[in-house]
Amino acid sequence: MEKIAVAVRFRPSIAEETSDRQWRIDDSRISLHKPLGTPISGVSFAFDHVFEESSTNSSIYDILIKSIIHAAIEGFNGTAFAYGQTSSGKTFTMNGSQVDPGIIPQAVRDIFYTTHMIKNREFLIRVSYMEIYNEEINDLLSLVNQKLPIHESLERGVYVAGLREEIVNNADQVLDLIKLGEANRHVGETNMNVRSSRSHTIFRMVIESSAKDSISSCDNSNADAIRVSVLNLVDLAGSERIAKTGAGGVRLKEGKHINKSLMILGNVINKLSENGKQRAHIPYRDSKLTRILQPALGGNAKTSIICTVAPEEVHIEETKGTLQFASRAKRITNCAQVNEILTDTALLKRQKQEIEELRRKLQGHHSEVLEQVILKQRNDMHKSELEREKLATELEEERKSRQVLTLRIEEQQKRIDCLNELLSSNQASCFVHEIFHSDSVSEEMHSKNCMSENNIFATPTFKAMPDHFVMKRPNHSKEHDSSPLPVNFTNIANEDLWEQLNDGFTTDLDALQMTPNIKYGAVDSNNTSIVSLISIIIYGTDLQERTTMERSQVEELKEQYAILERKCGQLRDENSSLAQTLSLSKQDAVLLRAEKEELMRDLEYERLKMKDLKAGIRSFSLAFAERECLLNSLYSTSKAMIENYSSPRFSDG
Ligand SMILES: Nc1ncnc2c1ncn2[C@@H]1O[C@H](COP(=O)(O)OP(=O)(O)OP(=O)(O)O)[C@@H](O)[C@H]1O
């Protein structure tokens, strides 16, 4: 996006006059001042350039126009036009004089000079020259082409149908054509100007260029692209006050048309200069001038406007109007870009390049990366599956060992319960009593105490003791059927305790044979129950400790189990997300494959097309060669015949 460049040019004053108000130029600012030099408020304008009365056409060309001309050579559309009241110097600026050639002749010479210097491109330049007179388009290069219509197409945009376009090779040729056009232009005398332009003229140059050696750069399809730019150099008719020009009849009619089309141009500029949001419909179609200049005003072109003004006080109001027009035009932005046309070969090349690029992407880096990703995901999934299996096995083992431990704990708990029951009941004394009266007491004791066959609490070692070690106390009552266990039941044997337990029966404690672990005396092998009971009591404490330990072990195992289960869950989640990603990647791969196949089909089609084209060219060349041969032989035959006829033999005859 770039703003339109706007400059103001003062023509030299015609009359020597003493004026009350004066225009003052300060760099690129113009302001109106009172006689004593006081600025008049609200009449001050700033532009890209302000050219004083003494400035020349060549300085204007260098500062304002040259860049547009060079951009046009590079392929940008360009427009330069002069706007201003009648006799302010528009035609002088555009056409100039012998001494000071105007913008148009300078541009023509510059274009041919520059294109000549560009060695790597070939240029084809066409020119046309038209005028808009009374809202009709006339061809200035061909008088038969009058009242030409405006057409619009996608390829050409807005164009004047039937306009003569001359292919030109040098500047002089163009300047001659311009002279011809000028002669055909409508000019007339008014009170304001002896040679007043009664029409708007548009001198147009179409610059086409292509790379000279496109074979050497065959890889680059841009080399085959043709750049086409349109350069419009416009000399507008001047706005006029009927009272000032003193126009009547034909001049009046012309003046009305001129003023109307300039008013529409002003409207278009106004709308374009408004803020983007407020900008409504732009009335380009309201006049032929705005229709033709449409690309130059807010479109695809680089544009410069030179507003010419007259310095005399009598023209202050017109000058103010021109400066306001210029200020608004300064706000317009254009969007210029190089205009390229692709030839069939260039199109084919560009398509081929695109297909190649896509193929490279598919076959090369892109698909490799995709395959790697899929492979990695597969590996990851495999790994996590193995880990999951390992964890599941560990979990199973843990579960089994926990079951075993629970069983053992339950068993031990049962035993402890039995022991507690046994201890709390007073049956113990009965047993002790019965031990000494019944031989079958051992079996009974076993069943009552819920002891299993492989009871670990059985007294580890028994020694058979002779009967005579036991003696009966005569005065001990037999009526006793129970004897409570002593409160302090230690593991140290003493006689009183023994007597108490044996309920009247005494034994020689010294004669007792002691087992290494247990200090209680051995009894008759048939009476093992009591010893078992004692063992239970002693081992009970130990068992409780072991149970506590095992419980804590179980707790630990439980915790481990919970951690493992959590891990297992995480792995399961991970596994499922990996499976999802894998399926997505697979879908991607399928899509890419389909895309690739389609591209391959396109490529094949293009290849076949190229083959056909080559065959066509070959057959054409053959036909051409044949034709050439034929022509050559015809030429030599006729040459021989002519020589034959002009030989002295014939002349003599
Ligand atoms: N910068 C200048 N230096 C010398 N003479 C100039 C200059 N500008 C204009 N003139 C002279 O002023 C007269 C009017 O100029 P010109 O015909 O270019 O005006 P115009 O704006 O094209 O008028 P119109 O709109 O009526 O065609 C001409 O004689 C021209 O030679």
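Glycine is treated like the rest: Cβ placed from N, Cα and C.
Unlike curated records, TrEMBL annotations are generated automatically.
Proximity of K90 (ATP binding site) to non-local residues of its own chain (separation of 6 or more, Cβ distance below 8 Å) is seen for A82, Y83, G84, S197, D235, L236, G238, I306, T308, given in sequence order. Per TrEMBL, ATP binding site is recorded for G84, Q85, T86, S87, S88, G89, K90, T91.
Across the residues of the coiled coil (341-422), the predicted structure has a mean pLDDT of 79. Taken from TrEMBL, the feature coiled coil covers 341-422 (among others).
Annotation source TrEMBL lists coiled coil at 547-574 (among others).
Look at TrEMBL and you will find 3-332 tagged as domain 'Kinesin motor'.
Within 8 Å of the Cβ centroid of the ATP site, not counting the listed residues G84, Q85, T86, S87, S88, G89, K90, T91, the chain contributes R11, A82, F92, N193, G238, T308, A310. Looking at G84, G89, the binding-site residues in this record, the fewest other C-beta atoms within 10 angstroms of the C-beta turn up around G89. A C-beta separation below 8 Å, combined with a sequence spacing of at least six in one chain, links S88 (ATP binding site) to R11, G238, T308, V309, A310, H315, E318, T322.
Under DSSP, K90 (ATP binding site) is assigned to a helix (H, G or I) in the three-state scheme. Annotation for S87 (ATP binding site): same-chain Cβ neighbours under 8 Å, separated by at least 6 residues, are M192, N193, S196, G238, A310.
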